[in-house]
Amino acid sequence: MTGKQWAGVAVAVVMILILFWLPQTVVKSGSDTLATSSPPPATAAPAAVEEHSDDDGHDHSADDGHKHGEHQFRQELTEAARLHLQNLKESASNTADKEKFAIFADSLAANWAKWAWYDSAAYWSEQALKAKPTTNRRYRAGSMWFESYQLAPDVAQQRQFAERAASHLKEVLEAQPTRSDAQVRLALTYVVTDNPMQGIVLLRQVLEREPNNVEALYHMGILSFQSNQHDKAVERFEQLVKLQPQHKEGHFYLAMSYLELGKKDKAREHLLAVKELESNAEVRAVVDGYLERL
């Protein structure tokens, strides 16, 4: 195959595999479809659980159209989960003690996040932060908006959620300047701004401080791959898989990078590693198809 043909196949395969590797997002309902839904506006509180009935005008089906870079795939709440969330909300509403309210709000945020309703999790994280401010609570609020940003269905929402994430993460870094998890997430919010290079600068700073930071290595590798700097991508992903041999996404992008450099034997090696690490039959079939083309 020619370089252009490989590139076209690579894009298609990346998009397919991303659907299987999104954290907490690819979820099948009873009818074996992806569960999705649209978030409330970022400026409003999420609707209360008890206010969502089967006939309230909202689409509660498994395919109601939310996307996640994650394409915003969400898990459909079980009745037990809805009841638990309702009880937590009532407990939060019924206490005048700020410390207890913050604890209930923390729990609500964690439970919404469990089901990948990150905008709702972000709202409750902010409520906890307002009641009892701490740096860790601010980081959680920023992280939930970050997850919402990664799930956003369009550029406008990506920017909106990224700005809210960045506002919290910047304050975290003011309090803890070398907190790498916050810095990596802040860096990635710059991708949808007018200054994406600032994100690269922040990631490089993390790697200067922590050369083996896996998250920073992964995202620097992705950025190198996307900008056609495949030799640099290979360096990042090789280091990544040495640190974490089980990192299947790292092996996959390393294989793609080697393909772009014309090194098919190395690409095969890492595609086989993906196949060995991945248990999903559909993903394995995609990788098999790719291996057949080598």
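Note: Cβ is positioned from N, Cα and C throughout, glycine not excepted.
Copied over from TrEMBL:
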- 6-22: transmembrane segment (TRANSMEM)
- 31-72: region 'Disordered' (REGION)
- 49-72: compositional bias 'Basic and acidic residues' (COMPBIAS)
- 214-247: repeat 'TPR' (REPEAT)
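Across the repeat 'TPR' (214-247), DSSP helix (H, G, I), strand (E, B) and coil residues number 27 helix, 0 strand, 7 coil. Within its own chain, the repeat 'TPR' (214-247) has Cβ neighbours under 8 Å at 180-181, 184, 187-188, 200, 203-204, 206-207, 253-254, 256-258, 260-261, 270, 273, 277, counting only residues six or more beyond its boundaries. Summarising model confidence by region, the repeat 'TPR' (214-247) averages a pLDDT of 97.
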